[in-house]
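Below: one structure, written as structure tokens.
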Amino acid sequence: MDLTNRMMEPEEFARQRQEVLNQWATGRDVDFEEAVAYHKNLPRSKNFSYKLAEGKARGITFAQPRAGVALLNEHLELLRFLEEEGEADFLPTTIDSYTRQNRYAEAQTGIDESRLVGRSMLNGFPAVNHGVSACRRLIEHPKVPVQVRHGTPDARLLAEITLAGGFTAYEGGGISYNIPYAKDVSIEKSIKYWQYVDRLVGMYEEKGVSINREPFGPLTGTLVPPSVSHGVAVIEGILAVAQGVRSLTLGYGQCGNLLQDVAAIRTLPLLAAEYLSKLGYTDFDITTVFHQWMGGFPQDEAKAYGVISWGAAAAALGKATKVIVKSPHEALGIPTKEANAAGIRTTKQILNMLKDQSLPMTEELALEEKMIREETRAILDRTLDLGEGDMAVGAVRAFQAGVIDVPFAPSRYNGGRILPARDSQGAVRVLDFGNLPFSEEIKEFHRERIARRGRDEGREPSFQMVIDDIYAIGKGMLVGRPRS
């Protein structure tokens, strides 16, 4: 396997860079040294890493939406509205689907059509096509830091252009932006692509420019057991730090049970620090991001606000550094700027009300933390064993062996053998373990919790239970109970 978790050699980076910057005409505008100078002239208040570190030190949970449209002026207006009317602490630039698949000619067609019809014909901002100077306008106008959010297996050119354009945060990873998003991209290939991205971030760090990196925590966003998403997050964190990344934000997608969600967001940075230290890394700063519910939403706006508020409460009580906000129009498609801003304000109201409160440690919360730690360590230890100490090699082999298995992912490189289901209290458990490397004690815990739900509902745990859980929140509940 032509893959290793060592820092990319300068010669290899330079060889790839020449190829990457020639993938689209705007790549020729990238000048690394000039970009470093541009970053150093930006005010500290626009740097993502610094603001996250300040929030972590002060115990603040920040709110950030998702948003992106095709044309520059319209996207600028959208960001202005979300900052001023939504009171967003951080702003996004969500990238369109064509750019995510490196289909820049089709993205250009979308730009042209958007200009023609007077509205966005793309589901995001095509940053590669707009180029470095346009990206700098996006950074210069808002008062708060702006992040690139996308879903791209090969995000090398996008990273070159947006980082040269002044963005100070970049989402994604070789696993989290492949397995949930693509069908035919090998994990080995996407990890290599993202080693390039992380090395680029590391090069900025070496020049004194801090760029935040954020692996995508929720994965498929559908009943993903915390230990599975934690395993991927920690691996991607290790791969990033190996290339010189220092500011790392690890993510988790809300499952819905408050104790499990709080336990998950509390254990994630501790597990990451544990394994980074175990592998000899010392120069890193870990913050956390909590994603409000990523599954199906109620169509009723009032009910959608309820789901948003529950996610905000879990983020606040879990002491996440940042929460990614949903809109009350989630079930209907791309939200209006007004709906998006309303979701942020709803979230911030909850965050402000709960900022001085904490969830006391109870026997059940302690148990959830213990189970997440033990399960995640089982996955990570087996992954390291498979890679003979190399986490990049181990990650590829772990997916091949089913040691890491993401529920409901489209990728043919994912086993798809595990089945999750909720227990009686809505916590996500594992109904079918596939090849997850859990001890018999861990498996028995999951079996007992799901069996208890089966007894409560008068039915045998089965795939129908899983289906019921997938649709439950859209129908106004957390646990998919059978109709009485």
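Backbone N, Cα and C atoms are what each Cβ position is placed from, and that goes for glycine too.
Annotation note: H150 (L-glutamate binding site) sits in a coil segment as assigned by DSSP. Per Swiss-Prot, the feature L-glutamate binding site maps to R66, R100, R149, H150, E171, Y177, Y181.
Taking Cβ-Cβ distances under 8 Å and a sequence gap of 6 or more within the same chain, the neighbours of K326 (adenosylcob(III)alamin binding site) are Q292, W293, F297, A304, V307, I308, G311, G343. Summarising the annotation, Swiss-Prot assigns adenosylcob(III)alamin binding site to G68, N123, P180, F297, K326, E330, I334 and lists sequence analysis as the type of evidence.
Taking each Cβ in turn and tallying the other Cβ atoms within 10 Å, the top scorer among the binding-site residues Y177, Y181, F297 is Y177. Taken residue by residue with DSSP, R100 (L-glutamate binding site) is part of a helix. The Cβ of R66 (L-glutamate binding site) lies under 8 Å from the Cβ of P92, T94, R149, I324, V325, N340, each on the same chain and at least six residues away in sequence. The shortest Cα-Cα distance from N123 (adenosylcob(III)alamin binding site) to any of the binding-site residues (H150, E171, Y177, Y181) is found for H150. For R100 (L-glutamate binding site) paired with P180 (adenosylcob(III)alamin binding site), the C-alpha to C-alpha distance reads 13 Å.
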